[in-house]
């Protein structure tokens with residue numbers, strides 16, 4: 001049976017605004033536009049994902065309320081019982097389990113249909129169910145089942161986002177300098193967390209439902225921009241990326257904005273010579289567009305170790321994502337109990353560190369041309385930093401902010417690198433022999449496996465925190481250690497490859 005082909009069409013805005021089409025707008029313009037649109041799109045996903053962590057300390061009553069407080073918190077049934085933290089953890093599990101399962105399915109579907117339409121559907125669905133969670137406040141809903149079902153549905157729609165945006169970026173950017181570009185681009189995760197935290201925290205005084213309403217509306221609005229303007233691949237508007245060549249000819253530097261920000265327009269993987277490109281609608285050859293099988297993708301070199309490494313590193317990242325504001329609220333800093341609003345805003349320091357960590361990890365991995373070595377270095381350093389944050393983070397506000405920033409930098413660095421540059425590298429490696437449609441499947445496998453860990457971490461934190469936060473931090477430190485160990489064999493292969501190629505001659509004595 002002949003493999004299916006895919007027809008790609010320009011977005012609606014290109015019909016309305018003819019000046020957006022080539023040759024009026026260059027390849028560089030469209031690369032920067034794609035980077036910006038996908039950045040905003042996924043930032044809005046994370047902004048709408050942040051409210052549950054912000055309202056945790058509202059839904060679950062303070063264990064030691066301040067007797068002098070003018071606004072005592074009595075919690076919100078059914079989360080204000082003795083099992084409140086466990087139920088909040090179960091909510092996280094409902095969302096993240098659906099997200100993890102949906103990730104595998106979304107990657108499979110995303111390789112077979114129009115990514116722009118699929119991404120738009122995911123954004124609208126995410127916005128609708130985020131708002132529905134907030135409606136529980138105005139309609140005075142106290143049924144645990146309602147919130148669980150809403151979180152499951154929201155998780156399914158949220159899972160559509162990542163495979164789609166990674167696939168689009170893979171279409172427009174190839175391998176050279178991918179770590180740096182992906183590191184900068186992947187800051188959308190932390191930027192979205194920051195926006196979601198600030199927006200949700202700023203409206204808590206009006207009722208916790210507003211913390212869900214505003215981010216939910218935001219992602220629906222952004223979905224309109226995605227549907228109207230996102231170009232899935234250069235071929236859909238009659239453009240071509242620089243062809244494959246030697247490694248020395250891989251890099252083509254372009255100015256991606258008026259300020260002259262130099263980014264690298266990366267090579268695209270091989271296309272058959274008989275590709276039939278057309279501006280209005282493109283039917284691409286089956287050899288480049290036939291989607292790779294799910295189990296075939298698992299067998300690709302490097303996919304399994306990085307996927308399981310992400311399982312543990314994302315477990316840590318998402319535990320911070322969903323529980324850090326709650327932890328700050330319930331841990332006195334310099335002997336002072338912090339308010340709900342301040343705790344939510346203060347938690348953004350972790351995400352700011354994550355922005356720096358993602359960019360730094362990407363830059364270093366490009367500089368030494370070694371993704372696994374960079375990842376294991378960050379993971380190793382993160383272990384003592386988390387110990388220091390737990391022990392000394394409550395001494396003063398300065399120590400809290402500094403150690404939280406450093407924790408975010410080291411925890412999110414490898415997480416960002418693996419979910420972006422590593423996934424894109426593995427999804428476009430030579431073992432695939434030019435199959436460009438493996439990227440969404442590979443990225444979905446890696447991030448989907450990581451999302452299973454992301455689902456497990458917040459759930460365990462909800463249960464373990466009842467024994468004390470030292471137990472939670474022990475879980476996080478153990479997870480980071482295992483994540484590093486999973487990359488040891490990949491690191492050894494990576495180092496030997498560089499030494500044998502003569503790139504790391506200074507390291508040859510250590511290897512041999």
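Glycine is treated like the rest: Cβ placed from N, Cα and C.
Annotation source TrEMBL lists transmembrane segment at 27-45, 117-139, 145-168, 180-204, 210-232, 303-324, 344-364, 376-395, 401-426, 438-460, 472-491. The feature domain 'Major facilitator superfamily (MFS) profile' is assigned by TrEMBL to 36-496. What TrEMBL lists as region 'Disordered' is 56-81. Residues or ranges marked as compositional bias 'Low complexity' by TrEMBL: 67-78.
Mean pLDDT of the predicted structure over the domain 'Major facilitator superfamily (MFS) profile' (36-496): 81. Taking residue pairs at least 6 apart in sequence, the transmembrane segment (472-491) and the transmembrane segment (376-395) share three or more C-beta contacts under 8 angstroms. With a cut-off of 8 Å on Cβ pairs spaced 6 or more residues apart, the transmembrane segment (303-324) and the transmembrane segment (438-460) reach 3 or more such pairs and are scored as touching. Through the fold, the transmembrane segment (27-45) approaches residues 119, 122-123, 126, 158, 161-162, 165, 168-169, 172-173, 181, 185, 187-189, 191-192, 195, 215, 218-219, 222-223, 225-226, 229-231, 234, 237, 239, 241, 254-257, 263, 265 of its own chain, all at least 6 residues removed from its boundaries and within a Cβ separation under 8 Å. For the transmembrane segment (210-232), the partner stretch with the highest count of Cβ pairs under 8 angstroms, out of 117-139, 145-168, 180-204, 344-364, 438-460, is 117-139. For the transmembrane segment (117-139), the most Cβ-contacting stretch among 145-168, 180-204, 344-364 is 145-168 (pairs under 8 Å).
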